[in-house]
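Taken verbatim from Swiss-Prot:
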- Glu114: active site, proton acceptor (ACT_SITE)
- 120-359: domain 'Radical SAM core' (DOMAIN)
- Cys127-Cys364: disulfide bond (DISULFID)
- Cys134, Cys138, Cys141: [4Fe-4S] cluster binding site (BINDING)
- Gly188, Glu189, Ser220, Ser242, Leu243, His244, Asn321: S-adenosyl-L-methionine binding site (BINDING)
- Cys364: active site, S-methylcysteine intermediate (ACT_SITE)
Amino acid sequence: MSEQTQTCASEIQATNVAVQHPKSEKINLMNLTRQEMRELFAEMGEKPFRADQLMKWIYHFGEDNFDNMSNINKVLREKLKQIAEIKAPEVSVEQRSSDGTIKWAMQVGDQQIETVYIPEDDRATLCVSSQVGCALACKFCSTAQQGFNRNLTVSEIIGQVWRASKIIGNFGVTGVRPITNVVMMGMGEPLLNLNNVIPAMEIMLDDFAYGLSKRRVTLSTAGVVPALDIMREKIDVALAISLHAPNDELRDEIMPINKKYNIKMLMDSVHKYLEVSNANHGKVTIEYVLLDHVNDGTEHAHQLAEVLKNTPCKINLIPWNPFPEAPYGKSSNSRVDRFQKTLMEYGFTVIVRKTRGDDIDAACGQLAGDVIDRTKRTMEKRKFGKGIAVQNH
């Protein structure tokens, strides 16, 4: 094992503080991939195809009551009720933006995470969290200011998709656009929770569950290089890189992880990923949040073009979304336009991401949730006070 991989393993272990459950507790079937569920049924002396049936009930029909699973015999249903449960995070608060975006505070133990549904004309994207809080301390991100609490379990990750699907109507004809895309861009750094994120994404891709195509599941990372190297051997999904700076000096300042894995190391790892991935037509999405007079100058655009000159990519420019006590300002439209045009002159595809849900703090970089605040800041500044408590579906 390489020194970098060993370092990554220790980092993942350091953040692996998910809630420990007593052995006597029931098995949450949402923690299992289909293969793991088939193994469970084999241990029970049942045919493995029962796992396929159960997966369909849970994820195709949104069913969490064994009694309603009509093609599973009563004896097996009773056996399942004794040892297993189907349990997703519940919604404690819901907020709806004027642009159709919905943000949910979902309860995970005694804490909350945030999940965002973003409908568009041709798709509907669900932004999913992977951790309670975040350990990476990026200076422009609200989540990072709260510190890190713990990793989410598989059921807490895939359960966000399940719960959102129940609410917006994936399991029935409601006139609301169903979820077509899932992005691991919510709270947390997904590559520091690989042991739970990869199985959750496997369920998203599984035809017996959500059956999403590889290009419709996107993992976004700030650049935990050894973990990205591990992931490329495990699963193929679309990749997005939170770059946000065109040189190491600036990236060190705004994204401390760069001091450990610099831009060259990160881009080398990205190229290796693209060599084996066909999830997004051999391209990576580069995310770049624009901070006024920090990283949005013409010289920064030229530097970014140099960094990306040999990388098949699409560039998403993200207008920065303010949060309390943040040390930055939002770039003017003229600076955004100039930055975009400079990159386009090099031949890059450059999109300025439309800000969605900023009136409910659901926009990029604004998610914080009700976590145990390691920085001792109160969460009363959040806008969830304007939300409504909801009955769980």
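Keep in mind that glycine also has a Cβ here, set from the backbone N, Cα and C atoms.
Taking a C-beta cut-off of under 8 angstroms and a sequence separation of 6 or more, Cys134 ([4Fe-4S] cluster binding site) has the following same-chain neighbours: Cys141, Thr143, Ala144, Gln146, Gly147, Phe148, Met187, Gly188, Glu189. Counting neighbouring Cβ atoms within 10 Å of each of the recorded positions (Cys127, Cys138, Cys141, Leu243), the lowest count belongs to Cys138. The S-adenosyl-L-methionine site in the record is lined by Gly188, Glu189, Ser220, Ser242, Leu243, His244, Asn321, and its two most distant CA atoms lie 19 Å apart.
Separating the Cα atoms of the residue listed as 'active site, proton acceptor' and Ser242 (S-adenosyl-L-methionine binding site) is a whole-number distance of 19 Å. On the backbone, the CA of Cys138 ([4Fe-4S] cluster binding site) and the CA of Ser220 (S-adenosyl-L-methionine binding site) stand 14 Å apart.
With respect to their backbone Cα atoms, Leu243 (S-adenosyl-L-methionine binding site) and Cys127 (disulfide bond) stand 19 Å from each other. Residue environment of Ser242 (S-adenosyl-L-methionine binding site) contains 25 other Cβ atoms, counted within 10 Å of its Cβ in all protein chains.
Within 10 Å of the C-beta of Glu189 (S-adenosyl-L-methionine binding site) there are 28 other C-beta atoms, taking all protein chains into account. Mapped onto three states, the DSSP output places Asn321 (S-adenosyl-L-methionine binding site) in coil.
Here the Cβ of His244 (S-adenosyl-L-methionine binding site) has 27 other Cβ atoms within 10 Å, regardless of which shown protein chain they belong to. For the domain 'Radical SAM core' (120-359), the model's average pLDDT works out to 93.
Comparing Ser220 (S-adenosyl-L-methionine binding site) with Cys127 (disulfide bond), their Cα atoms are 11 Å apart once rounded.
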